[in-house]
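**Q** Okay, handing you the structure first.
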Amino acid sequence: MTVSATEALDAAVFNSDGLLPAVIQQFDSQEVLMLGWMDREALRRTLVEGRVTFWSRSRQEYWRKGDTSGHAQFVRAAALDCDNDTLLVQVDQVGAACHTGTRTCFDGRDLAVTTIPNE
């Protein structure tokens, strides 16, 4: 079922700061690129303009990936999770997604974990 932008804005559950976490994923490879934050207006812009817009918590302003770097994120699909409090945005990423210049913000920072075999 496809939900309109207006319906998505009404359904989205923002946190106490008025923000929604947005997981950004490359549409064809499913690679997770980054996590950003959106308020209601950033979500609206993302859904209707076709480019990902975030709310900067540190600068208190809107920003679009690629406006200064050229490393843009073009929206291919978006979905709210089962609780409507997290957004998945599938994008066509042009260039690096991370401000450090790497493809993804999750490059080279693997943590040691204990794994348990499946039974």
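Here the Cβ of each residue, glycine as well, is placed from N, Cα and C on the backbone.
Positions annotated as domain 'Phosphoribosyl-AMP cyclohydrolase' by TrEMBL: 34-106. The Mg(2+) binding site annotation in TrEMBL covers Asp81, Asp83, Asp85. Marked as Zn(2+) binding site by TrEMBL: Cys82, Cys98, Cys105.
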**Q** Which secondary structure state does DSSP assign to Asp83 (Mg(2+) binding site), in the simple three-class scheme?
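**A** Once the DSSP labels are grouped into three classes, Asp83 (Mg(2+) binding site) ends up as coil.
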**Q** For the Mg(2+) site given as Asp81, Asp83, Asp85, which other residues of the same chain have their Cβ within 8 Å of the site's Cβ centre?
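**A** Neighbours found: Val13, Leu80, Cys82, Asn84, Thr86.
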**Q** Counting other Cβ atoms within 10 Å, pick out the least crowded of the binding-site residues Asp81, Asp83, Asp85.
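**A** Counting other Cβ atoms within 10 Å of each of the binding-site residues Asp81, Asp83, Asp85 gives the minimum at Asp83.
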**Q** Using C-alpha atoms only, work out the spacing between Asp85 (Mg(2+) binding site) and Cys98 (Zn(2+) binding site) and round it to an integer in Å.
**A** 23
**Q** 10 Å Cβ neighbour count around Cys98 (Zn(2+) binding site)?
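**A** I get 15 for this one.
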**Q** Taking every protein chain in this structure into account, which of the binding-site residues Cys82, Cys105 has the most other Cβ atoms within 10 Å of its Cβ?
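**A** Going through Cys82, Cys105 one by one, the largest Cβ count within 10 Å is at Cys105.
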